[in-house]
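Here the structure comes first, spelled out in structure tokens, and everything after it is commentary.
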Amino acid sequence: MASNILTKIFGSRNDRLLKTYRKTVDQINALETQYEKLDDDQLRAKTQEFKDRVAAGETLDALLPEAFAVVREGSKRIMKMRHFDVQMLGGMSLHNGKISEMRTGEGKTLTATLPVYLNALTGKGVHVVTVNDYLASRDARWMGKLYNFLGMSVGINLPNMSREEKQAAYNADITYGTNNEFGFDYLRDNMVYEVGDRVQRGLNFAIVDEVDSILIDEARTPLIISGQAEDHTEMYLAINKVVPLLTRQEGEADPRTGEGVTTPGDYTIDEKTHQVFLTEQGHESAERILFEMGLIPEGATLYDPANISLMHHLYAALRGNLLYHRDQHYVVQEGEVVIVDEFTGRLMSGRRWSDGLHQAVEAKEGVQIQAENQTLASITFQNYFRLYKKLSGMTGTADTEAYEFQEIYGLETTVIPPNRVSKRDDQLDRVYKTTREKYEAAIKDIRECYERGQPVLVGTTSIENSEIIDQLLIKENLPHQVLNAKQHAREADIVAQAGRLKMITIATNMAGRGTDIVLGGNVEKLIEAVEADESLDTVAKEAEIARLQTQCKQENEQVKTLGGLRIIATERHESRRIDNQLRGRSGRQGDPGSSRFYLSLDDPLMRIFAGDRVRSIMERLKMPDGEAIEAGIVTRSIESAQRKVEARNFDIRKQLLEYDDVSNDQRKVIYQQRNDIMDASDLQPQIASLREGCFADLTRQYVPVESVEEQWDVAGLEKTLRDEWHIDLALRQEIESATAITDEEVLEKVSAAAEAAFADKLEKIGKENFTQFERVVLLQSIDSHWREHLSALDYLRQGIHLRGYAQKQPKQEYKREAFELFGQLLDSVKNEVTKTLMTVQVQSGEQLDQAAEALESRAENITNVTYTAPTETGEVETTVDEASQRRQQAVAGSAMPRVGRNDPCPCGSGKKYKLCHGKLT
């Protein structure tokens, strides 16, 4: 209460920020008359003037009023749109590295042009991040007209572009693209072998459109580049037969007494955490079945070391069969299991679940099982976007997640007031006892809207529910259009016309996000279709366009009279923000509109979190069948349940980040080392450091620290140096001839001998000739061990929670063991690189060049590379055949088959392998 009183007196933090920004808006508005008098060339020349002033040391903040005024004037001339004052407020918020919450229809795309232009003046590049390729291309073409007019270059970063096309896109002043593609380019840039193969030029400033979708909804799933691992097809098929033979344990036991279990069984399901667990009886049943199938020997248990992988397969099969359902979590298309995005209901073609889950679902559905993937490179969106020097974002719904944006990304949320106050009527939820009653009420509402001509947008949380509504509307003979993951290619066109008279549109969650629903229809989309119609001549096109403009204007007035766009939702999403996004489709720019949620006690959110409380209310009121409860207390109860889920999901994302921060620190070290190696003209300091460490470790195996001569194994050290390292050192003679010698002096002699042997090799071949070979050996060793390290971290992460049973803190244990694993990685690289460079036998510089090319070729020619990422559109790239065609996509480890000594050399020289590159091994 005290905080409310203080807010009324002093204003909120948001109010104070906006008050400061409005003073700057007054300065911008004061420049408008002055800039209107400039001709196009004079206005365009302002860009170079600003760039010169920035180069001379003037800050962007000082330039802001003039730069924003130039963009506004350019937009008036080119786009025929003038930035509203509230858009200026949003632009300032974005420039200051904050999140701007602007309601649907307030012109976020145009708002972004202000800070984008201002920050592009530095010449360091600005990235505008969107949720899908359609929006990236649309916005780049649309706003590109304005940027080009002002003398700025614009690039579009899309999947399947060549290296040269991507480099051109990134070298532009402003680059549009998706979060996935920006992230994958970063990973690929840290997998290349040549400096010229990188495409990005640094991460300066990013503006993330639909920032809540990218930084919140998709933050639990990292970007992963993976390649196929060992094939376990037969094992998946066999284990899939085990699950139907197991039974579920029904009921719930009292943890204190153990009483209350009505039906013993083999496994339990926790719907809240989306997990399945074997009971003690389940372990015994599974072991018996696996023994009968011949998969484990008699008397063996699932916890035997030899059966660890079997346990992995069994749990994957349990999850795939019991927790993941067709047409809800995935669909089967053309013999493939395609994941459905839980946030948008769209297909995520090319994305695959990890840990064998996808293969388990494929076995369940009887489709072809594809091999498991090994992670080659990975990063979370949290850690990728925190690499930018400055980050900001915009969305229609950020305030409910303001704490998470601040906590995880350090981003403050600024709520920008609308240009016109919304007239949308958000009606109370109606809760029914059963799903059937809920759908009957929703269909009745839809029919009433249709009969009076009011357009309706029906929101669902899954494809399955959208198809139920679809069938019910067909049964009622109500014409409608369906917008879900199965038709996402047409979604922008469908959404654009969802505001026309008598239009009924069914949409999964926020399908079509980024496209406005204009009352009476989007005339621009209709005009595009007319202009693309080759059967019409110019006169006919002009006549049709005039007719459409008149028709849409008339329909707009009619729809407003009827109450605007009606939103009908058939389920609450677990996030209030997603519900608000659906509501936000209606009432744009001061238009009328209304929304209503129809719920039942059988809905997942209600059943798990709020059902008992609402059910008791309905029973006390003795409500008859078909009657709904409609009260503020019910809506508040549901929102309370949503807050619980949001808090749990936040904890999950925060925990993921805490674990990923460990690998992120290591990733930074590895990537920095790779970049240093590629950028260095002389690698001898790095090689010398590795060699010194390697031979110190080797020597200490035979001559321990602070030991006496009697403890030394000099003969063993001499033999190892000679046999494994090709170094002849008469160490025993030197020790015998010396009056006294310490272990440190022995180490110095070994190091000196190693350095001399390497120096001889360099002198014979030439330092310049050896550098590229050293570079490739270093990079390949780092890459291969980094991939193994990622797999080791994955396995460590999966089982680390068990440390809690030993009274240890899992997170601290993970950090400790991950650090130890990283130390092992560095040791492995040190030893492998040193051994390769010390023992390689080379006769000429030409041989070295061929060897370097062969090593690099092995890293570039792998196929079956898979890109995994969460996305709204399902445009996740799965590259198999194209991997060898795209230079920046290719580095994924060795795919060269083993070559026989008498086989032709893979380098293409025509010589036998033993007479060509075989000499080097």
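Cβ coordinates come from backbone N, Cα and C, glycine included.
Since the structure is predicted, the reported quantities are computational estimates derived from the model, not experimental observations.
When Swiss-Prot records GLY105, GLU106, GLY107, LYS108, THR109, ASP516 as binding ATP, the matching candidate from GLN87, GLN497 it lists for that site is GLN87.
Look at the Cβ of each of the binding-site residues GLN87, THR109 and count the other Cβ atoms within 10 Å; the largest number goes with GLN87.
Apart from the site residues GLN87, GLY105, GLU106, GLY107, LYS108, THR109, ASP516, the chain places the Cβ of MET102, THR104, LEU110, THR111 no farther than 8 Å from the centroid of the site's Cβ atoms, the recorded ATP location. Its own atom aside, the Cβ of LYS108 (ATP binding site) has 24 Cβ atoms within 10 angstroms in the protein chains shown. Neighbour counts of Cβ atoms within 10 Å were taken for the binding-site residues GLU106, ASP516; the minimum is at ASP516. A sphere of 10 angstroms centred on the C-beta of GLY107 (ATP binding site) encloses 18 other C-beta atoms. Summarising the ATP site geometry, the residues cited as binding it (GLN87, GLY105, GLU106, GLY107, LYS108, THR109, ASP516) extend over a maximum Cα to Cα distance of 17 Å.
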